[in-house]
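Taken from Swiss-Prot as is:
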type: TOPO_DOM; residues: 1-7; note: topological domain 'Lumenal'
type: TRANSMEM; residues: 8-28; note: transmembrane segment
type: TOPO_DOM; residues: 29-35; note: topological domain 'Cytoplasmic'
type: TRANSMEM; residues: 36-56; note: transmembrane segment
type: TOPO_DOM; residues: 57-81; note: topological domain 'Lumenal'
type: CARBOHYD; residues: ASN70; note: N-linked glycosylation site
Amino acid sequence: MTAHSFALPVIIFTTFWGLVGIAGPWFVPKGPNRGVIITMLVATAVCCYLFWLIAILAQLNPLFGPQLKNETIWYVRFLWE
C-alpha cells in the first residue's frame with residue numbers, strides 16, 4: 001500500500017467523523033435532552049472513528065500471515081499455473 005493510497009482514506013474519514021463529532025452538536029435542537037443527544041453524537045463519532053482506525057491499521061501491518069501447509073501451497077500453485 002503506497003503512502004498516497006493510505007493517506008487519502010485517513011484524511012477523508014478523519015474529516016467526516018470530526019465533522020460529526022464537532023459540527024453535529026451545533027444542529028441539535030434545544031430541549032431537555034440536548035446534553036444527552038450531544039454526548040451521544042460525540043461518543044458515536046469517537047467510537048466509530050476508533051473502530052475504523054484500528055481496523056485499517058491492523059490490516060496495514062498484520063501480526064501474522066496465513067498459516068498454510070506445504071501441500072496446500074503446492075496445490076494452489078499447481079491450480080494457478
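Even glycines carry a Cβ here, placed using N, Cα and C.
Note that the coordinates shown come from a computational prediction; the quantities given were computed from them, not determined experimentally.
Helix, strand and coil counts from DSSP across the topological domain 'Lumenal' (57-81) read 15 helix, 0 strand, 10 coil.
Applying DSSP to the topological domain 'Cytoplasmic' (29-35) sorts its residues as follows: 2 helix, 0 strand, 5 coil.
Residues of the same chain that sit 6 or more residues outside the topological domain 'Cytoplasmic' (29-35) yet have a Cβ under 8 Å from a Cβ within it are not found. Around ASN70 (N-linked glycosylation site), a 10 Å sphere centred on its CB holds 7 further CB atoms from the protein chains shown.
The list of residues near the transmembrane segment (8-28) in space but at least 6 beyond its ends in sequence, with Cβ under 8 angstroms from a Cβ of it, reads 34, 37-38, 41-42, 44-46, 48-49, 52-53, 56.
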